[in-house]
Each structure stands twice: as C-alpha cells, then as structure tokens.
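Visitor: Could you have a look at this structure, given as structure tokens, before my questions?
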C-alpha cells in the first residue's frame, strides 16, 4: 500500500508547479493543460494495455516495474528544460501510475487476504490519499525549498526509490491468471466491452458521471494554480497544492460512509454535488470570493469520490463474472477521456478568450451535463436492482 500511495503521490505532484513553468518557460494555458493531459494519457495507456501483465507476471513484479518507471519519470521531470522534455516524462509517470494502481488493486486480495471484500475500497482510498499528499508536499517544497522545479521531484524520487528497493527484496507472487502458462505470450490488446443490452443505459449514465467528475477535478488540477490568485488572498505553490489536495482528501473520505448507500442514491448524490461544485466554482470566478471557492472545492471533491464509488459498484452489479473486466475497462476509458478531451479544450479556450471566461464556460457546461445525467439516472432502467441492498 505504501508503493501505491507513493505512486499516486508522484502522479499529482506537478500541479502546483504549473504557474512556475508558465513564468519560467513562457508557455500558455493550452500548453499547461497539454502537460497535465500527457500524464492522464499515460495512465490510460497503462490501464488499457498493460493491466493484463499482472495476470501473467504477478503483482510484485509489476509493482517493481511500475516503481522503476516512476523513478525514471521523476528524474526526467526534475531535469526537464522545457515542454518538449517534460511531456514524455509526464507520459512515463502516467504509465507508471497506471501500472502501480492496477497491480496493487488486483494483487491486494491475494497479497493481503485479510482485506477481503473491502480490498477495492482500501486501494481506492489509498490512491486518493496519495493523490492528495502529492500536490501538498510538492507545493510546500516548491514554496520553501531551493530549485522549485527540481527539488519536489527528487524528494519523491528518493521515497519511491526506497520502496522499489524494498520490493526487490520481497518474494514475487505467482501470476493471477491461471490460463497464463509458460508457453503463452501476454496479450497487450485492451479488452473492452459493454454489459447486456438491457443494462447499457446504466453503464452510460455511470460512465459519463465519472467522466464529468474526472473533468471537473482535472480542471482544478491543471488550471487552479493559475486562477487561484484571482480568488484567494494567499498565493504560491503551497496554497494551490493544499487546494488540490483538499479535493482529493474529500474524494477519499466521502467514499468511507457512502459505501453503505444504495448505488442509485450514491450516484444521484454524486451528480448533485458535482453540479453544485461546478456552479459554485463559476460563481467564485465571477465574484472573486474565496468562501465560494472553498464550497466548490469540497463539493467537487466529494462528488468525485461518490461518482467513482457508484460507478465501480454499478459495474460489479451489471457485469458479473468474466464479463466484468472488459466492461470495467470501458468504464475507465470513458472516465479518463473526461480528464483529457475537455481539459485540452478549456486550455485552448483560455488562451483565446481569457482564463476566467473559459473556466466559467467550462463549469456552466458541466453543471448542465451533471443535471441532465441526474435526470437520466432517475429514469434509466436497471438501477432498481441495486437499490434494495446497501453495499
């Protein structure tokens, strides 16, 4: 679990540095969002194409590989001299994060049998906690330590490197896929799928709810460090790191009591919180009010966690057994596209019409999308099967 938390830490730590990159390298908002999206594209690629390797080689070996790639990615990030050198480093960090996340999530029930049925929740909360610590630690180091574009990466690199050395001494576990014999080659092609026709509506509502949650969080993770000086009286990487970390802390904490909610109610509450958070963020940008931004931060963070939890729960219900893996891959693919396509669009829009109008337009759009999804979640068939039994 320490490796999973450290991997997540290394993944999100760059966000407070984006304004420093803008000032040092003279780049615009579109380039900043591209740097953020490079990481998300790496995560998506790792999840889609490399997750199957855990079944062949076991969780420990894949954690070693992911940790090693993360060390290399962090080192290249520390040495980057411009967007052209930082972008591939961000992709590599994303691939490493995807490997570590999938290996830890799939391997936890086998490596820690005591975790039992709560293993996915433990892995999810550990990931979110690591994501939250990343920007906080990086922001503090960037604000108060020398060489703000290198020191944060090197500090986290040292932690991850120590964990990789520990994993090197840990006995490897056998592969999780009983069909992966010594003569078979590991498949890298993603296995995507949809549930039965009568449950596609549930899948689409859950997937696009998570799409919206990832989009709103990614707006904060990529551009909040640039627009927070317009809203808050305090400035600097430590402030933006805390604001982003707070979102992810709320995401992790919201999942703990919500795991007992029926999935329909959990999904509806998530969409309400995301719509409220989007509107609050638009109002905070317009009126330049710090207290409204704090409300937006809390609402988006909580909605993000509940949307993720509801989506994962619904996938387990509508796609049981062998059908679950390809349907889950499709769900995650849609979710991560929410962290890529809308963010590239808002970055281009910010360079064209200004940062504040672009953020307000983005928030208004997703408040409307979440409201429509909320209405659909009350009408789509297939959710009723999960409303009687709390998770």
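Positions of Cβ are set from backbone N, Cα and C atoms, glycine also.
Since this is a predicted model, take the numbers as computed values, not measurements.
TrEMBL lists 30-50, 62-85, 91-109, 121-144, 150-168, 200-228, 234-254, 266-286, 292-315, 327-347, 353-376 with the feature transmembrane segment. The domain 'Major facilitator superfamily (MFS) profile' annotation in TrEMBL covers 154-391.
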Visitor: What else in the chain is close to the transmembrane segment (292-315), if you only count residues 6 or more beyond its ends and a Cβ gap under 8 Å?
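Guide: Residues 120, 124, 128, 202-203, 206-207, 209-210, 212-214, 216-217, 220, 228, 231-232, 243, 246-255, 258-259, 263, 266-267, 269-274, 276-278, 280-281, 283-284, 324, 327-328, 331, 335, 383, 386, 391.
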Visitor: Tally Cβ pairs under 8 Å between the transmembrane segment (150-168) and each listed stretch (30-50, 62-85, 200-228, 327-347), then give the stretch with the top tally.
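Guide: Out of the listed stretches, 62-85 contacts the transmembrane segment (150-168) most.
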Visitor: Is it the case that the transmembrane segment (234-254) and the transmembrane segment (200-228) have 3 or more CB pairs under 8 Å, with pairs at least 6 apart in sequence?
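Guide: Stretch pair touches.
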Visitor: Which range wins on Cβ pairs under 8 Å with the transmembrane segment (266-286): 30-50, 200-228, 327-347?
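Guide: The stretch I would name here is 200-228.
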Visitor: Take the transmembrane segment (327-347) and find every residue of the same chain, 6 or more past its ends, with a Cβ under 8 Å from one of its Cβ atoms.
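Guide: Answer is 28-34, 36-37, 40-41, 43-44, 47-48, 51, 190-195, 203, 206-208, 210-215, 217-219, 222-223, 308, 311-312, 315, 318-319, 358-359, 361-362, 366.
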